[in-house]
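The annotation domain 'ABC transmembrane type-1' is assigned in TrEMBL to 72-260. According to TrEMBL, the feature transmembrane segment maps to 20-40, 74-98, 110-132, 138-160, 187-213, 237-259.
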Amino acid sequence: MSSEVQQGSKSIRGNRCEWAWTAFAVIMVAALGIAAWHFVVKLFDLPKLLLPTPWQVAEAGWQHRDVLLKSGWITLWTATVSLFVAVIIGGSVSILFSQSRLLRRALFPYVVFLQTVPIVAIAPLLVIWSGYEFRTAVIATVIICLFPIVNNVTTGLTSVRPEHNDLLRMYGATRWQRLCRVQIPTAIPFLVLGARISSGLAVIGAIVAEFFVSNGANYEGLGAVMTGWQARTMTDALMAALAVSTLLGLILFGGVNLLSRLFLKRYLLVN
């Protein structure tokens, strides 16, 4: 018993040490990148309009902190809502695909079509149909997030071992029972993977959609703010907004990663 406790404590210490070294490496790479950025600006005497120094970007971010916080929150909310909607729609579509091979073969190419068509080509049409509103940005972002979820969940639902289905059929299980007892539990890890991938796409999709929605007065997300700053050639503020958008992507990905770990841990304990 004592040896198991010692092994467990060693494992915890090892994980903490690994996390510490990873954090240190990330911080060092960031510091070196910022130092190189500052060195290049000073070496070539680049104007602020072309490439500001890190300090000038930080000053612009602090100066426009209220705008960045407000617009960043709107963009994060847009990305979160869109990801949630994409998970619901993608999971439902995947269940339909798993129940009919003919339906899957007939409709899956259209899901791929949504992924291959650039969002910048669809967004203007969405603005015409839906207006300069929050819902337009959500629709555009859902389109971007949908494919990874549908693809992964469909793969999970259709990757059940044949002997498992045969065993349930022997006991007279209905299609609904096979779906709930075998297919959906098998697809849970695939759903988590799809959500993680889409979480990174959600912020990108939200900001790209906001570039088009920004022409209206009813939406003030980060993309809308960046469009205005770009028109006034406020390079330092634009780079501060870029840093905020990167932070939003990390926050959403980290949140999805944390929720998925908690969900999978509970799922594995239950099963």
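Each Cβ is built from the backbone N, Cα and C atoms, and glycine gets one as well.
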The recorded stretch from 74-98, 138-160, 237-259 sharing the largest number of CB pairs under 8 A with the transmembrane segment (187-213) is 138-160
Give the one range among 20-40, 74-98, 110-132 whose Cβ atoms make the most pairs under 8 Å with those of the transmembrane segment (237-259).
74-98
